[in-house]
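Undergrad: Before I ask anything, let me first share the structure, which is written out below as structure tokens.
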Amino acid sequence: MGTYLSSPKTEKLSEDGENDKLRFGLSSMQGWRATMEDAHAAILDLDDKTSFFGVYDGHGGKVVAKFCAKYLHQQVISNEAYKTGDVETSLRRAFFRMDDMMQGQRGWRELAVLGDKMNKFSGMIEGFIWSPRSGDTNNQPDSWPLEDGPHSDFTGPTSGCTACVALIKDKKLFVANAGDSRCVISRKSQAYNLSKDHKPDLEVEKERILKAGGFIHAGRINGSLNLTRAIGDMEFKQNKFLPSEKQMVTADPDINTIDLCDDDDFLVVACDGIWDCMSSQELVDFIHEQLKSETKLSTVCEKVVDRCLAPDTATGEGCDNMTIILVQFKKPNPSETEPEDSKPEPSEDEPSSSS
């Protein structure tokens, strides 16, 4: 259940933004938890045709979530597959790349900085002074040079995070997910789940865990982790005879691609602190109701978070960190709309309706 405070921290980190195609609002709150382990990324213009939104829910610490919020979108856009138009492959590679980048001296140093264990100016870490050699650092997002140092054999963090990201490019939406954060789209006020929660009771997940040498006890891998896909959690990825996608816990994302249409109202990406309190349809209904009187999307997100916050910690529900990103699609002006017979039809592979 985690450690709870005597009273919740209700201060919120909220943000709004827009471009010519969409606008977004977000809000994040620590709540009853002793620490804040969520992180997020909201990049309106990843390039001139692309927006990116990601929620990263940390467990066992905050550093992996913060690492992903800083680097995952950079790895998507810098990948050769992205440059050739293969967004799905680029997303998948970026998820796996996070695990690779967090290993070795460079990975250890980055995590130490994000975890506030390193003095960013002196390089002093818990009493040990070390600084990277001149020329070891590189500001290019697609470059990750190896560094020599006392932690060159670091195999990666034992903590981890979920990753649920939505990439909007032209009229296509790509959703990549590992873990139990969730992406939902409202289409004509109906909620459609664009991701699925990765839990040990799913047959495909259970089969992979057992084949990798793990077991499931009380709904947790090896009696410990209640997620089957995550970035980080390297202790569950040490079977040297298996590729990354077949480890007990894998960063391999499910990827869902849909065509956006004029029936789409908005998109939500949120951590399980929200979904544990509201179903997908309940949240969509709540947001529609709020939008009748509120135009600032971050305020709508704040109302969602307040709605989910528990009055006490008796049940544990409503006591988690909470992060929600709300993305609203701008409708074209009547003068800009296409002739009736050329309007895009909803995708035949319409998202599965939420239960």
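Cβ coordinates come from backbone N, Cα and C, glycine included.
Positions annotated as Mn(2+) 1 binding site by Swiss-Prot: D57, G58. The Mn(2+) 2 binding site annotation in Swiss-Prot covers D57, D272, D320 and rests on similarity to another entry. What Swiss-Prot records for 23-329 is domain 'PPM-type phosphatase', and it gives sequence analysis as the kind of evidence. For 329-355, the entry in Swiss-Prot reads region 'Disordered'.
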Undergrad: If you take the centroid of the Cβ atoms of D57, D272, D320, the listed Mn(2+) 2 site, which other residues of that chain have their Cβ within 8 Å of it?
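TA: Neighbours found: D38, T162, D180, S181, C271, G273, I274, W275, D276, N321, M322.
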Undergrad: Give me the Cα-Cα distance between G58 (Mn(2+) 1 binding site) and D320 (Mn(2+) 2 binding site), rounded to a whole Å.
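TA: One finds 11 Å between the Cα atoms of these residues.
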Undergrad: Ranking the binding-site residues D57, D272, D320 by other Cβ atoms within 10 Å, which is at the bottom?
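TA: Selected from the binding-site residues D57, D272, D320 on minimum Cβ neighbours within 10 Å: D272.
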Undergrad: What's the CA-CA gap between D320 (Mn(2+) 2 binding site) and D57 (Mn(2+) 1 binding site) in angstrom, rounded?
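TA: Cα to Cα, D320 (Mn(2+) 2 binding site) and D57 (Mn(2+) 1 binding site) are separated by 10 Å.
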Undergrad: What's the number of neighbouring CB atoms sitting within 10 A of the CB on G58 (Mn(2+) 1 binding site)?
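TA: G58 (Mn(2+) 1 binding site): 27 neighbouring Cβ atoms within 10 Å.
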Undergrad: Taking every residue in the domain 'PPM-type phosphatase' (23-329), what is their average pLDDT?
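TA: Mean pLDDT across the domain 'PPM-type phosphatase' (23-329) comes out at 91.
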Undergrad: Compute the C-alpha separation of D272 (Mn(2+) 2 binding site) from D57 (Mn(2+) 1 binding site), stating it in Å without decimals.
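TA: Counting only the Cα atoms, the answer is 8 Å.
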